[in-house]
Structure formats: C-alpha cells, structure tokens
Amino acid sequence: MFQPKQKYWKTLPGPKLLNLIIGVSALAIAYEGMSQGVMGAVNVAPEYGRRMGFADEHGKVIKPSLQGGIVATYYAGSLFGAFWAGHFSDKHGRIKGIWVAIFLCMLGVILQSSAVNLPHMLVARLFAGCGVAFIIVIAPAWTAELSPAAHRGKNIALTFLANFSGISLSAWIGFGTSFTELAGGAFRWRFCFASQAIPLVLLFIGSLLIPESPRWLIKVGRCEEAREIITKIRGNDDPDHPDAQREYREIVTVIEMEKESENLNYVQMFFGIGSGDIHIGRRIQLAFWLQVLMQYGTGIAAVVIYSGTIFRTAGFDDLKSNWLSALMMMVGILGTGIAAFTLDRVGRRRTLYWGAVALSIILFMIGGLNRGAIDHPDRKEQFGTAAAAMVFVYVLIFSSSWLMIPFIYPTEIFPTWLRAKGNAFGVAGWAVGFGGGSLLVPIMFAGIGEKTFYVFGAAMLVYIPIIYCFFPETAGRTLEAIDFLFASKSPFTWDEEAEFKKRIAELDSRVQGNGKDTDSSEEKSSVVHANEV
C-alpha cells in the first residue's frame, strides 16, 4: 500500500531543524533587503529616470518629488499589506502567509523589471510593497515562535543579517551594471529588479521543508502536531525532555486566556477595546512608535540619504562614492552580527540606552564636521573625510543597537492569537517611519542643512527616558510569560514588573498542575480561564 513520504523536517535533529528555520526566514529577509535597497541603484540609472519622467535626457533629476513619490508608493503598498498579512497569517497560518508573500513579491518583481512607463511602475511598486509587508509581518514572528526564550533575540538578529546582505547585494549589482549600456541603458535597471527573484525561488523551496508554528497549531486545536514540533526542537525527539514538556504545557495554559481577544478587529486592537487585562492597545502603541523612532527618529534616513554628499565633500569622485555607499551597507552586516550575540545578554532596554547615547554623539560630530567643511573651504576635504569615516561608525553602531529591536519587540509582546495582527502595526510604523523619512529628510536638509544632524542627535537623548518609562524588558522571557508584563493597569515599566511577578507565580502553579495530566484531552480541560489567571 502506498505510504506518504515523511516530511523532511521530521528527518532532522532538533538543532539542525532550528538552523534550517532560521535560514529560510533569512531568505525572506534577504529579499526584503534587496527590495528596499534596489531603488538606490535604479534611481541613478539615466534611462530609468527618463522613462519615468523625473530626469532629463542627460539623466539629471528635474522632478525630485516624482522620484520620491515612486519610492514612497512602495511604502503605501506596505501599509495595506501589513494589515492584510496580519489577518491572513493569524487565520491561515505562517506557511500559507509566506506563500502569499512569495506570490505578491514575484508579481512585483516581474512588473518592475518589465515596466514601460510610470503607471506601470507605480502598480508594480504597490504589489512589491504589499508583498514585503507580508514578509516582515510573518518571518520574524515565525522565528520568534520557534526559538527558545534565551536565544530568541539572537535567532531573529541572525535572520536580519540577511537584511543588510540583501541591501548590499543590490548596491553591488547596481554598481556592476552601471558600466553597461545594453538595451540603451535599460538592462542596467531591469536586471537590478529581476535579480530579486532569486531569493524568492529559494524561499518557496525552503517553505516546503520546515514546519508550521506550534503556537499557531495549538491555537487552532492541532495539539498533537504542535507537541511533535516542540519535542523535536526543544527535546531533540525526547518526549520526556523537561524543556519540551514545560513549553508545551505553558502554551496550552496561556492560549485559552488569549482566546478572549481572538475576534478583535484592528480598530478594537488599536484603542484597546475588549482586550481586558492584556491591554492590546498599549502594546500596539509600543510596536508602532518604536519602529517610527528607529526608521525616522534615529536619523538613519538622513545619514543614508546625505552620505553621497558627504563622500563628495571629501573629494571622492562618483565612482568611489558609489562603491563606498555599497561598502557602507556591508558594515551593517557586521553590526547586525554583533547584535545577534549581544541582544539576549545585554537586554533590549540597555541596548537601546547605549545605542541612543552613542548615536547622539556621532550625529553631532557629523553635523559639526559638515559645518567645518562649509566654514573652512580650504580644509573641506579633511573635514569631509572625517565625516565620511563617522558615517561608517554610525552605521556600525546603529545596526548593532537600534536596528534590530523594533523588529524583535513586536514579535514578542503580542499574544499568539494576535501576534501577526499585532506585528502588522509594527510594520505600519516601519512604512510610516521610512517612507516619511524619505520624504521629510530632503526637506530638512534644504531648510536647515547640516543642522538636521543636530536635530536627530538631540532627539536620541530624548528617547532614553521614553524607553525607561514605557518599554518593559522582554529578553529571556517566554512568549507566554510576556503576556503578564502588560497585565498592570499602569503603563509604567516599574508597575508592570511588579504585576508581572505576581502573575508569573500563579502561572507557574497552573503549569505544574497541568503537568499531572498526560492525556491531551485532559490537558485541554485543565486550561485555566483567562479571568482566573
């Protein structure tokens, strides 16, 4: 009799399976990086500028607002895609959500690489942005749900190594194709878009090899499948492993509490209506504004947008400025690697503290050096070279501190029932912050010049008390335990920590009680009701 072939992930030992999951998630984030970074290479292609109508026959930009609008369309698509992805993924699962992401992203790649005019490109950018929102909503949450608490930040950070890798790859592809004039110069930018198909094909293959999130499976009642996955990853196929048993019981215990919020819509979530003691509205504000602060408030958009000007102030020609920009993105890979091995040890809050102080100092230095180049034209190249060096230091510090946490935090602070929906608000913050920054930063430079860096430098210091008062620590805590961080009626972290200690003691006693029941049906009947917890 025909026997169905065993799923590939079941043949792997637990540690190798977890590495495979991280690798597949990294493929998704690699595409996101390429998709985000490709416009830096495409916008400087003269044929593209002429075709889209924002550049003259010599490739000089004559309609910067149109150029920026094409870029911003991507983030408009992301706003829509984020909320669609959250609803779809929480209802149908993480794997199917990734398949929708692949379809939308591939459609975006095909449309962008074949664009013949402006309307064609705008539609393509909308699809690309919508697809990448699916990826950012699902991939980090997927990794978080399959990672042990002690290494959750590390595993998500490792996947985001692929982000800067994708951005760097797009930059180098753009640099390489800048030397060709094939197809009247059209090949240069069309190939940049088309190359994004490679990680998407690999991502689809990878999605067929790995399991669904066990937390989502328990949520929809497929408990035995979830137990098998948890046993594989936490116990390396040992069903009696204490870590595997405890995690399964903890998820089952808390999942019933979260069911009260299962049917909340986005409006109810945003205002916290009907969420009771789990305070979904508070969590949404944290996820959204942390992304806005990172994407716009840290000045990263200002540094990246103005870096070309800084390099040219140092006396570097266009060729050297272009490969320095690509090299700058590679520094981000190093910084993200540092974050992977420090975030769980140092914690989320302390990383944001030291990052804010260091970035503030660097931003003031970049602003001062640029002012020096203006005030002392005879020493412009010396000041410019120093400012260029500080840009590299900024990218290293930014990528090892503030870059990762706004992507990690939303995957941790929302209940299983609403994790993808909640993360959608984080992605909305990403779209608003980055899209808004892309539009506002050039206006700031046009109005106040290098003082733009001073504004962001001062803002970084303001963020420190905000983080201290409103963002509780999540490092080293299980996703189920983190729910109790937000049980306090007060939004201040010291009150939340006090309430957390009381609630976690009750959870431990319930988990131990559930451990006495070995039959899965008995486990379900012993789940504590949300009001009792």
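From the backbone N, Cα and C atoms, a Cβ is placed for every residue, glycine too.
Curation plays no part in TrEMBL annotations; they are all automatic predictions.
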Looking at 20-41, 64-85, I want to know which stretch TrEMBL calls transmembrane segment.
64-85
Result, the transmembrane segment (352-374) in contact with the transmembrane segment (422-446) (3+ CB pairs under 8 Å):
no
Between the transmembrane segment (97-116) and the stretches 64-85, 156-175, 187-210, 288-311, 386-410, work out which stretch tops the count of Cβ pairs under 8 Å.
187-210
Might you confirm whether the transmembrane segment (187-210) is in contact with the transmembrane segment (122-144), defined here as three or more C-beta pairs under 8 A between residues 6 or more apart in sequence?
no
So which of 156-175, 288-311, 323-343 has the most C-beta pairs under 8 Å when paired with the transmembrane segment (187-210)?
156-175
Other than its close neighbours in sequence, what residues sit by the transmembrane segment (288-311), given a CB gap under 8 Å and a spacing of at least six beyond its ends?
320-321, 324-325, 328, 359, 363, 366, 370, 384, 387-388, 391, 394-395, 398, 402-403, 405-407, 409-410, 425-430, 432-434, 436-438, 440-442, 444-445, 452-453, 456-457, 459-460, 463, 471
Any idea what the model's mean pLDDT is for the domain 'Major facilitator superfamily (MFS) profile' (21-475)?
87
